[in-house]
Each structure stands twice: as structure tokens, then as C-alpha cells.
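Features reported for this protein in TrEMBL:
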- 19-37: transmembrane segment (TRANSMEM)
- 27-501: domain 'Major facilitator superfamily (MFS) profile' (DOMAIN)
- 96-118: transmembrane segment (TRANSMEM)
- 124-148: transmembrane segment (TRANSMEM)
- 193-213: transmembrane segment (TRANSMEM)
- 219-240: transmembrane segment (TRANSMEM)
- 313-334: transmembrane segment (TRANSMEM)
- 354-371: transmembrane segment (TRANSMEM)
- 378-395: transmembrane segment (TRANSMEM)
- 407-432: transmembrane segment (TRANSMEM)
- 444-466: transmembrane segment (TRANSMEM)
- 478-497: transmembrane segment (TRANSMEM)
Amino acid sequence: MAPVPPGIRLLVSFNRDQWYRALTFALTFLLYTSFHLSRKPISIVKSELHRNCSSATELATVASSGSGHQEPSVSSLHTDVDCSWKPFDKSNYKQLLGAMDYSFLCAYAVGMYLSGIIGERLPIRLYLTVGMLTSGLFTCLFGLGYVYNIHNLTFYIVVQVANGLVQTTGWPSVVTCIGNWFGKGRRGLIMGLWNSHTSVGNILGSLIAGYWVSSNWGMSFIVPGLIIAAMGVVCFLFLIERKFSPLIGRLSEHACRNRVFTSRCPCALQSYDTELLLPRDSMCVPLQPVVVVKSKSEPSAISFMGALRIPGVIEFSLSLLFAKLVSYTFLFWLPLYITKAAHLDAKRAGDLSTLFDVGGIVGGVLAGVTSDKLGKRASTCAVMLLLAAPMLYGFSMISEFGLGPTIGMLLVCGGLVNGPYALITTAVSADLGTHKSLKGNARALSTVTAIIDGTGSVGAAVGPLLAGLLSAGGWHRVFYMLMTADFLALLLLLRLVMKELTSSKSRPISAVE
């Protein structure tokens, strides 16, 4: 007999539970990658909108001064073609763009608190599918503003608010799914690898938006919108929310020993979803009826105040507020800053800004591995926040001295800024959502995740808005604001850090037990 190929031996070495776990990991990774992919285009398109206006003004001035007389046709031509995108062609363009960011992020922050509570009471698969389809719709609508030549600021703000609300369906849902399938063992490493979807989505969003930004920026939104909508369909078809009940699995195995096989009748014990997860070598009916009596009632979803009383939720939530303020300021304003500091066009600035996200991938994994090894989540975050502040100051100084130093600082700052942010929103949220005080109530995970990320999203809303206001007086003010936010995030973790350092034994999530 011919030997079994090694690849096939590898495939059959995994059991069904491991395959479903791998599917959940990969699928939720791709789903949330598409969420961030659809958020990134606005930061790429910003610099292009204003650059056109500036270029048109300069070109018109040169044309009129070079010829000794007025040339209305040339001037009006350039104004109509290059500088017609209102209302972002005015001197207060930074404030207008900041307000547009704020409208999205403020709606996201408010909606996040409600999303976790709603998500605990609805099927996650359907809830996430609807959110992704509607998010794709609103992302495409923003791009259609270019196609149909819409210059009304209200239109763009309304679309941003609606998109911010529906995008809140994403994070609590995917974290709940991944938390249901993966236990606490090596959670920091697993979550660190999994959370790289944020940076991967930002990178892909930058590259996709940058491809069309100079020729047709509407496509910079339409293509990501179609991608997230398509992933919503994939979610509906393939997402498995949680493991099937071991009790039902054992009962099914017991019943199959006493079955008469038939070609059409499924086991009466199995619900539709559970049936799909159990072995289906044959369809059968039991000879004797089996009655399942629940020993206790299904645990109820946790209340908002009940989630706040979990030890560590408030401290990590407030710390994330300032950590996410820094991360999202970079997300929305870094390409524009690079165009001004390094004097690059919109596409090259967008491509260069992806290095910040590359550093973020490394930082997230490093934070997860370190916190697993040391058993100190809060201390890991604190060290990275402490190092991030001086690095941000260094980046503001070095970025004006050439491309090489800028690349290096982008990688370092990306790792230090996104490391704590990634750790808190993933491993820490999952730890707190399965805290021992909950006595095994897994239905709290979505609410806890929503509270932590919702509080962080308040900072994400405030950061880009402040950046738009402060940058009018110079970019150095923005960096001072970012450094201050990093120190405040560090201060809010000090109590948990002291608890970890004074603990008699080192073990994972010691600050949140």
C-alpha cells in the first residue's frame, strides 16, 4: 500500500474542535481586518483634498503674475478642476476634517456602550452580518459623494455618524467569538497575533485608498465598502459563535450506540446549529427517548453596572481612553503630517504611514508574549507607555531630517503606541470578561469588551479633533498633547501595577483576578 502523504497526515492529525477553532481565528481576523480597512481611506484622502486646493491657488497666481494681464479662462479652469471640492478648500480645512473625524468617532464611542449590551442578547453571527453590510453601504455612500459631485458638509457628517454607529457591531462580536473558543492559556500571545488584524487592515486600507486617491478618491471608499460588505456575507455563511455543548455531545455519542440507522431522520437531541458541529457519518434515530434536564437556568446577561464592578474594568477602560487617543490621532492624521513634514505627495505619504502599522503588529505580539511570560498585563502596558512618550518627542524632531530616520521612528513609535492599546482591547478584555467573580457566566464578555473599547473610543474621538485644532498653531502642539495622553494612561494603571509587583506569586492576569 502506498504511504500516506505527510501533508494529509498533518491534516488528519487535528480533530474537529481544532479545525473549528482555527476557522474562527482566521475568519474573525479577516472580518475585523475589513472593518479597519474601511476606516482608513479618510486619512489618505484628507491630504489630497487640501493639496489640490493649494496647488490650484499657487498655479493660478503664477499664471496671472507671469502674464502681464488677466487670463480668466486659465485661472477659472484650474479652479474648477483642481480646487472645486468644497467645503474643504478654505483656510479652516483642518477644523472641518477634524469635525468629520469627530462625528464618526463620537458616534462610535456612544454606540459601543449599547452595542455590547445588544450583542449579548442577539445571535452574534446575524448581528455582525447586518453591521458589516450596512457599514459597507455607508462607506460606499461617502465615495459616491465624489461620483455625484456632492459638496455639502452635512452629507458627509451624516454618513460618518451612521457608519460610526453600525461599525460598533464589530469589536464586541469578534472578541466574544474568539474568547468563546480560546481559553486563558497563552491568551496574550494568541490575542497579540490575532489583534494584528488592526494593523493589517490599516495597511491594506492605505494601499487601496492610495491607489485611487490622486485620480478618483471616490473609489478609495467604494472599494473598501464593497470588501466589508462581501465579508459580511462570508460571516453569515461560516461564523461559528461558540463551541457546542459537551453535554449534548456526550449524550449523542451514548445514543448512537443504540440506534437503528436510517437515511433521513436526524437525532432529536440536536438543535440545527449543534447538528452541524457533531459527527455526521450517518443519520439515525434513537431507539429510546432521552430526556435532558437542565441542572440550573441559563445565566442571564450581565448589567452595565455589574460589568463596571468587575475589578480592573474602570482602570483599564480609562487608561485605554488615553492610549486610544494617541493611536487614533496617528490613524487619522499621520499621512497629512507626513505630507507637510517630509514634503511627499498623498500616495507616498499614505504608503509611508503603513510602517507605523507594521510596528504596531510587532508591538502587539511583543506585549502579548511578555504579559504571558511575566503574568503581568498592567505592568507590560505601563512600561510600553513610559517608553512611548519620549519616542513621540523624538519622532517630532527627527521626521524633518529625511526619510531614513522617519522610517525608523515610525516603526518604533508604532510598536510602543499600539502595544498597550492592542493588549488592553484583546487579552485584558477577555480576561476581565471571564473574571472569577462572574462564576462562569460567559455572557458578560461582550458587555465588558464594549465598556472598555467604548471608553477608549471616547479618546479616539477627542484625539483627532484636538489634533485638527492644535495643528493650526504648529504640529509640535499635537505631539505635546500625545505625550501628555501617554503619561495619563500610565498614571491610571499605577494601582494595578503596584498590585502586580507586590503579588506573592507571578501568574497571568494577576492584576485582574
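Placed from the backbone N, Cα and C atoms, the Cβ positions cover glycine too.
Here the listed stretches are 19-37, 193-213, 219-240, 378-395, 478-497, and the one with the most C-beta pairs under 8 angstroms to the transmembrane segment (124-148) is 219-240.
With a cut-off of 8 Å on Cβ pairs spaced 6 or more residues apart, the transmembrane segment (219-240) and the transmembrane segment (313-334) reach fewer than 3 such pairs and are scored as not touching.
Counting Cβ pairs under 8 Å that are 6 or more residues apart, the transmembrane segment (313-334) and the transmembrane segment (19-37) reach fewer than 3 and are not in contact. Under 8 Å from some Cβ of the transmembrane segment (378-395) lie the Cβ atoms of residues 315-316, 319, 323, 326, 363, 367, 370-371, 406, 409-410, 412-413, 416-417, 419-420, 423-424, 479, 482-483, 486-487, 489-490, 493-494, 496-497, 499-501, 511, all in the same chain and six or more residues away from its ends. The transmembrane segment (193-213) is in contact with the transmembrane segment (354-371), judged by 3+ CB-CB distances under 8 Å for residue pairs 6 or more apart in sequence.
Along the domain 'Major facilitator superfamily (MFS) profile' (27-501), the predicted structure has mean pLDDT 79.
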